[in-house]
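**Q** Can you keep this structure in mind? I'll have questions shortly.
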Amino acid sequence: MEERNYNFKYVMLICIVASLGGFLFGFDISVISGTLSYLEGMFDLSGTSKGLVVASAIFGCVFGAGGIGKISDTIGRKKSLFLACLLLIISAIGSGWSNSISWFVFYRFIGGVGVGAASGVAPIYIAEVAPTKIRGGLVAFYQLAIVVGLSAAYVSNYFIELNTAEDSWRWMFTAEAVPGGLFLATLFFIPETPRFLVKIGKTAKAGSVLCKIENEQYASKEIENIKKTLAHVRKGSLKDLLEPRLLRIVIIGALLGVFSQISGVNAVLFYAPQIFEATGIEFSASLLQSTFIGLVFIIFSFIPLLLVDKAGRKKILLIGMACMAGSLAVISTFFVMDKTNSFGILIAVLCYVAAYAGSIASVTWIVLSEIFPNRIRAEAMAVANLCLWSANTLLTLTFPILEEKYGIQTPFIAYTVICVIIFFFVLYYIPETKGKSLEEIEEELVGIK
């Protein structure tokens, strides 16, 4: 058995705190699913306007993801997490108590900025503090936190619907302020990442953090490795991303981010009650079925958490994409041949969610946090997140429009084809990073020695 030299409790503590950003991420993006029926009635939404209302938060994610790279390189990963948390708390309260569609969209946009920022910073934070041998699992833990937050929103929506006489949708949004407050309080107890501390000249402080993570020998070696990579390069900028040896990696990361979204998952997460209602069941039953999505998401998120550092990133991605394509094909067939088969559609949707949760959901964040070189990591991660959330916005906008104009089977047929394309993209372009330090990955991909 491999000897464990690192301080597992300390590493887990700081990664759990950082992963609360993922919990809020999941809660914020899925809470809208239980409120759409109320919002449609209150604001008289059409298919197009419904897509715009849902996409307002995703559009905010584009701005948050695009801007947080430079911010986190300037003020640090920890302070950037503080900023994201504050935006999410403001959004939770503001969205819940808005009395006009314009104010509602504004506060959802603010929350989206917070989600985009958290999605850009938290995986980098975890990757930069985690020991190499467990880094993949800990970044996957961040995805698990997203899924737990997503599931918590489904469960919260269901019980608020059952126990609130009126204004249920307001309390559904406001509930997010509770975990937001917990995240804000616990951020005071985690350190800045050693890599950022070395970058700004606080080597002694970085050494102190690394000693707590493992020991003095580990701290000395890590600081030497970090200095080595930083010594080869000047401060990164967006222009550096266009260097030929870096551009290929940036494009691969950006495409992986895009593909993780246009595979259709957020259409299922955001519109789950409406998808299940299309089979003929009542709204309360559709909310209950949506909680099953959250449960399956949690269970299968443990697959990458437990196996990604053994089986490898690429193998898990390939198996997941094949299973997702098969499940989507079944969903499409049901909606064409037997739309009222609510049980069959539920099972197929859950199989799709299981495949997504067990593969590309977590592995995307792991690969993105690993493949970008040290000097451009924040900027490249920002670009990948910008592309990811832009794709998410497009998906969110188009699902209700395609459903309204061409039938609910149409988007699912499109997602099936996309998953087949992703399979071959992973097969030919995604590098395997299992068991390698961030510095080793950089040397292998861009040739810095």
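Backbone N, Cα and C atoms are what each Cβ position is placed from, and that goes for glycine too.
According to TrEMBL, the protein carries these features:
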- 12-39: transmembrane segment (TRANSMEM)
- 14-434: domain 'Major facilitator superfamily (MFS) profile' (DOMAIN)
- 51-69: transmembrane segment (TRANSMEM)
- 81-98: transmembrane segment (TRANSMEM)
- 104-127: transmembrane segment (TRANSMEM)
- 139-159: transmembrane segment (TRANSMEM)
- 171-190: transmembrane segment (TRANSMEM)
- 246-272: transmembrane segment (TRANSMEM)
- 292-309: transmembrane segment (TRANSMEM)
- 316-337: transmembrane segment (TRANSMEM)
- 343-368: transmembrane segment (TRANSMEM)
- 380-402: transmembrane segment (TRANSMEM)
- 408-430: transmembrane segment (TRANSMEM)
**Q** What mean pLDDT does the predicted model reach across the domain 'Major facilitator superfamily (MFS) profile' (14-434)?
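**A** Mean pLDDT, the domain 'Major facilitator superfamily (MFS) profile' (14-434): 86.
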**Q** If you count Cβ pairs under 8 Å, which stretch among 12-39, 316-337, 343-368 touches the transmembrane segment (81-98) the most?
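**A** Per the Cβ under 8 Å count, 12-39.
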**Q** Test the contact criterion for the transmembrane segment (292-309) and the transmembrane segment (343-368): 3 or more CB pairs under 8 Å, pairs 6 or more apart in sequence, then answer yes or no.
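**A** Checked: the transmembrane segment (292-309) vs the transmembrane segment (343-368), in contact.
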**Q** State the residues, same chain only, that lie 6 or more residues beyond the ends of the transmembrane segment (139-159) and have a CB under 8 A from a CB inside it; answer 'none' if no residue qualifies.
**A** 15-16, 18-31, 33-35, 122-123, 126-127, 130, 172, 175-176, 179, 269, 272, 287-288, 290-291, 293-295, 297-298, 301-302, 304-305, 308, 357, 361-363, 365-366, 369
**Q** So which of 51-69, 104-127, 171-190, 246-272, 380-402 is most in touch with the transmembrane segment (316-337), counting Cβ pairs under 8 Å?
**A** 246-272
**Q** Looking only at residues six or more beyond either end of the transmembrane segment (171-190), which have a C-beta under 8 A from one in the stretch?
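**A** Distant contacts of the transmembrane segment (171-190): 13-14, 17-18, 20-21, 23-24, 27-28, 31, 34-35, 78, 81-82, 85-86, 88-89, 91-93, 95-97, 149, 152-153, 156-157, 160-161, 164.
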